[in-house]
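Please read through the structure below; I'll follow up with questions.
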Amino acid sequence: MTNNKNYMKFLKFYNKKNKIKKIKNCSYKKLFCMNHYLRTGSNKRKKFLKKQYISTISVKKRLKCAWPKLINCSNFIIKDKKNIPLIKSYPKINRTSIAPTPWVIDSIFSFLKKFFFKKQNSKILSKNKKKKYLEKWEIVGIIRRYVFLILILSQTSIATYKLNSILPYKDISWSYTIYLFNKNIFLIIKYFSPYILQIFVLILFYILFFWVSASFWTAFMGFYQLITKKDEYNISNKSIVKEIKKNHRTAILMPICNEDVERVFAGLRATYESILSTGKIKFFDIYILSDSYNTDICMSEQKSWIDLCSETGFIGNIFYRRRNRRVKQKSGNIDDFCRRWGKNYSYMVILDADSIMSGKCLVKLVSLMESNPRAGIIQSIPKASGMNTLYARYHQFSTRVYGPLFTAGMHFWQLGESHYWGHNAIIRIKPFIKYCVLSPLPGNGIFSGSILSHDFVEAALMRRAGWSVWIAYDIPGSYEEPPPNLLDELKRDRRWCHGNLMNFRLFFMNGLHPVHRVVFLTGVMSYLSAPLWFAFLILSTILQIIYNIEFMCCFKINSYFYIIPYLHLEASIGLFFITLLLLLLPKFFSVILIISKNSIQYGGTRCFILSIILEIFLSMMFSPIKMMFHTFFIFRAFFGFSLSWKSPKRRDFSTSWKESIKSHIVQVVIGLIWSFLIIFFMTIKSLFIFFPIIFSLIISPLISVYSSYVKIGLIFKNFGLLLIPEEKYPPKEIINTKKYFKINKNKSLKNGFFQAILHPVYNALAVAMASSRHNSSILIDLNRKKFLDLILIKGLNKLNMIEKLTVLNDPIILTKLHFIYLLNNQ
């Protein structure tokens, strides 16, 4: 950083006497002698040929220009076998042998056989085993789930029976069928097609109403739990160990891949300082586990890590490692940590790139693990906050208001057989290593290979092994950020959709707990419900058109309700409002809860109620668009379209008109065709039934663009609408994250790969953190020379991703390129 003038003078002087092609063949020692000449102006070369002296005065002196205190720490920089400087960015490896268990998946017939003959099978299996007694919470959970199922089935059956009584096609005239059979078989098809269509409508309605009913009863029991505060089986209410055992240490893992570096390290620093304030920092280590392959981001990560260590007062508990082989993506990154350092820790907390957790929350999770020795995973509930676009504000408001209701309800039905969401959760490492390492799904095609939505599967395997999985729904201090706009959320949804479809292959997995089979099923249904809703609406429209054509001469249908004969108007209105009530009651429960406690956090009662109305309106606008996209995702997956996953945006990015029109043009066309069919074949009044859906599809590009604007989001914020407690009374961790994010942006490293070659300090950092540390070999040296020739011919700008990573990983190539390119430029 300093003595740049001397540096340039030296380069200019040296360039006159030496050719560039000769420099690439210079030895590592000679180049560092040149570098020492730059710093000191000394020409006593023999003195600097000593190995130890050279490595100390070259890389270390350059690094001292930027991070003097940190570089002076003992054992921060060591030397490898070839005396090349090496920064100890991670601890000594303490390897554990881990291996994934091959999948044993039953066929449907063998699964049904085991299910129906469970008693006989259990008698055979338990001859030489001790009888397992169920814990109290397990018995209570079984009873609750049977009640849950009875409530849903009864409610759904009544609603379907009502719909059947409303639909027009009921009695089949068999005598007329025989008459038609003698005439023409096509007349029979024409006669029976409305009845077959109506059966499909009833089946779809039963499935979809079952889904709505399950959601309602989950919200209802969550409301009961939160309003009474009498949850005997809430894991966070149990007796908690006050002191953590000294040998029970926790690793906080942040797996990242090409993320927004400034935001990642801002959140990490806020989390670290929050732990520091609890006085329990000695029980925690932080690991940044990078899978990044963008070399600019890789270099920025290294700089941000060393900055973080320097700013927090380096005490040797913040580590950084970047993998060279990206096997199994995020789950493989965590497996790699467990293999290398899992022995050193009792627990690990997984964070996402946008996660923030308070020190109190982390200490509480560790204490819960200490108090519940059979708990394998405890999931905290991350609260969405931190974005300002209209869509993000809508998203974080709805999850903040309705989320507690549904998570408490899920806990009521699942208890210790719950699932985990892949981040902001604590995991017991030993059983995780033993039972939860995932092998790729067998076979070919897009539903085979590495599992994408690994979190649900890991929770299922943990429970299968006899360890409980809990949701700690009432622990504060866990945060994440929502997607900034609609299209970004849909990109994330596509990956989740694909992952849930892959997971469903494990539905018949041997030994899986019934609750986790249901979790896999609900995971699929959360996306499959979209095409089912779409099919239900389309078939209902077709059925109404057929009915209108057939009975146009008999009487005029004068109704606002589709597939409803005029004579059944009262029954249809009743069913319509019952369905609407089931959809809106969870929102009403949330309103009661918040107003009864403290609505000031949401801007006061008046602003809160207006925000609820606004949220309902926005949901009506966004839901049809999501329905169409989820339908496309399902079809794309089944037709074999591959999926490429990129890290989501972590800032308030708006959607461009070009991107919006390109993404939504299909929905616009479908909306226009749908409205034309209704107007042409039905009545204009019938259009009002479908109006919210069709109108949303037609104007979807406008919705997508305007909902991504920060200005519109801030206007609502200034009026006190869509406020959440984290905005009204922001916790210290969120305040610090925003503060450090601004600081990080001001000192962010741009064009990191070129800086690693050209800039003296960043080159020294890249050299000291390069991972390719091979012993001397003629073949390696020869390949290195060939690669340097290739770089000089192609130029840095034209190197591909793999070539750039090769450069960044090799300390000798980095050193030679540093001198070659600077001399060439001068």
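Every residue gets a Cβ built from N, Cα and C, even glycine.
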Of the residue ranges 340-357, 628-645, which one carries the transmembrane segment annotation in Swiss-Prot?
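My reading of Swiss-Prot: the transmembrane segment range is 628-645.
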Give the nonlocal contacts of the transmembrane segment (573-595) in its own chain as ranges (CB under 8 Å, at least six residues past its ends).
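Result: 159, 162-163, 166, 209, 212-213, 215-216, 219-220, 222-223, 226-227, 401-402, 404-406, 561, 602, 605, 608-609, 612, 616.
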Using Cβ atoms and a strict cutoff of less than 8 Å, what residues sit near the transmembrane segment (665-684) while being 6 or more residues removed from its termini?
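Residues 541, 544-545, 548-549, 557, 562, 625, 628, 632, 690, 694-698, 700-701.
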At an 8 Å Cβ cut-off, counting only pairs 6 or more apart in sequence, do the transmembrane segment (518-540) and the transmembrane segment (199-221) clear the bar of 3 or more pairs?
yes
